[in-house]
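A.B. asks: Dropping a structure here in structure tokens format, bear with me for questions.
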């Protein structure tokens, strides 16, 4: 269980970080290069597979070196009796300290430093692209449109800044402790204090980053909230009420996903901008469609 638990935990962490990088790259392409081919379902599946393969590969050495070891300096006292029980830890047991340092440095570079650099660069370019986009100020209608687009830009830039800052602050304590443990000349007592009191807090802080991100996306992104509500209603309210239908449409890919699993007929045509649009042929009122994320909507509105 020691090896399996450590391997699953490490793979989950690495895959989570790599997924954040993939999301940043996809947003960068959609906003900065909106006319390039969009991400298809097949390509997304391949990217997900690559993410998990890379995560397994980079965390495998850690799992191999994990062993259950007995604590030499501490024992646990059982109730009020004088009997004591040994304490066991699941730790990495490397042949020498240099190999451990090299592996820690590789993890630091590939799971924190490189992803952080890519996320900051991608989100920085997105923010610059949105900030530079201009909207005509002449006319009352254009001014109202400019105010709407400006508010959306500010909201998106705030979201990108918060995501990047949270990634930095959430992972920095854990990696600082790991680098100190391997490179600093700490006494056994100092190492025990770090491992027992400080390391668990830093560990959960880093893991909490993946839990907070969906909340941030939901707070700043209307499409994300709407899609989450559709999925939530579909799971819990299917018998009581007919759920709204949510669609995801990618330009040039002609991919339509019906989350309610109902048969519908669609008709396609091209608007003046050359974008392919889909509409349902039904006597009911048109359902809302999640055509693009707010990032793309803001970019397109800015080019009018």
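Cβ coordinates come from backbone N, Cα and C, glycine included.
Bear in mind that TrEMBL entries carry predicted annotations, made automatically and left uncurated.
Computed from a predicted structure; not experimentally measured.
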A.B. asks: Of 80-101, 102-123, which range does TrEMBL call transmembrane segment?
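C.D. replies: Here TrEMBL associates transmembrane segment with the stretch 102-123.
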A.B. asks: In terms of Cβ proximity under 8 Å, which residues at least six beyond the ends of the transmembrane segment (6-25) contact it?
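C.D. replies: For the transmembrane segment (6-25), the far contacts come to 47, 51-52, 54-56, 58-60, 62-63, 66, 90, 111-112, 115, 118-119, 122-123, 163, 167, 171, 206-207, 209-210, 213.
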